[in-house]
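A.B. asks: Here it is, the structure in full.
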Amino acid sequence: MDMAMSSRLALCLAVVAACAAGGAVADWSPATATFYGGSDGSGTMGGACGYGNLYDQGYGVDNAALSQALFNDGASCGQCYLIVCDTSRAPQWCKAGTAVTVTATNLCPPNWALPSDGGGWCNPPRPHFDMSQPAWEQIGVYQAGIVPVLYQRVRCWRQGGVRFTVAGLNYFELVLITNVAGSGSVASAWIKGTNTGWIQMSRNWGANWQSLAGLAGQALSFAVTTTGGQYLQFQDVAPAWWQFGQTFSTYQQFDY
C-alpha cells in the first residue's frame, strides 16, 4: 500500500471514529489549525467570549480561538467543533485515527501585516482554529506548527445546568451565560425582575448580554434561545438580595 492510499485510509478511519464518538451528522468542512497558550493551556484563559477561567466554567483546555470568519462577532461563543487532522494533505504531521472536540472560547484576530497563506492564518475569509496546545497535540505533531483539518459543529455536552453571572453597576446589568449544552451558543436572551415582564437583552460582547432595566432588589429570572432554536425559561434564578459579581447555577439544560 503506497503512502497516498495509507493517508486516505487513515483519514477515513479518523472520520468514521470521530462521527461515532461525537454523534456528528453534518458535512465536514476544510480548515487549518495552529495552537497557543502553552503546554498546559493556561494561556488560553480569558478570551473574547468573556468566560474567564475556563476550568471554573467547565470548559477546560479543549478549547479554541476562532478566526473572524467563524467567530461571527461572538455569536459562536460556546459552540463545539469536532476536528480531525487531514492526513490526505499532511500525513507526516497528523496523528492518524484521532479526533478532538473543542469549545469556541476566544477570537483569533486577523493579522493584516501577513498574507493569509503566510502567517495571517486568521485573516478573512479563512476558517481557522487556533487551538489550545493540549487539544491540538491530540491530532497533530508538535513540530508542524500548523496542520490542515476537517471540522464540523457537534452537540455540546456539559456537566450541570446553565449558569448566569450578573455583573454591572446600578441600572446596568451585564449577564454572562455559560455552561450551555446542545448547540452551545446563545441566539437571544431575556431578563425579568419580580416586578417586570420579560425584557429582551442585547449582546454586549462575547457571551455577555446587557440590560438597562435596573433590577436591583428584585429576584431575577432569565430566558434563553440557543442558536439551535431551543427556548427555556429559568425562573427565580437569583434571589432579591443578589449582588453584582455573583454566579447562579440552575438545574436546567439545553438539548439542542
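For all residues, glycine too, the Cβ spot is worked out from N, Cα and C.
Note that the structure is a prediction, hence the values are computed from the model and not measured.
Below are the features listed in Swiss-Prot for this protein:
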{"type": "SIGNAL", "residues": "1-26", "note": "signal peptide"}
{"type": "DOMAIN", "residues": "46-161", "note": "domain 'Expansin-like EG45'"}
{"type": "DOMAIN", "residues": "171-250", "note": "domain 'Expansin-like CBD'"}
A.B. asks: Would you list the DSSP helix, strand and coil counts for the residues of the domain 'Expansin-like EG45' (46-161)?
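C.D. replies: Helix, strand and coil residues of the domain 'Expansin-like EG45' (46-161) number 14 helix, 36 strand, 66 coil.
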A.B. asks: Could you give me three numbers for the domain 'Expansin-like CBD' (171-250), the DSSP helix, strand and coil residue counts?
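C.D. replies: With helix first, then strand, then coil, the domain 'Expansin-like CBD' (171-250) has 0 helix, 45 strand, 35 coil.
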A.B. asks: For the domain 'Expansin-like CBD' (171-250), provide the mean pLDDT of the predicted model.
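C.D. replies: Across the residues of the domain 'Expansin-like CBD' (171-250) the model's pLDDT averages 98 on the 0 to 100 scale.
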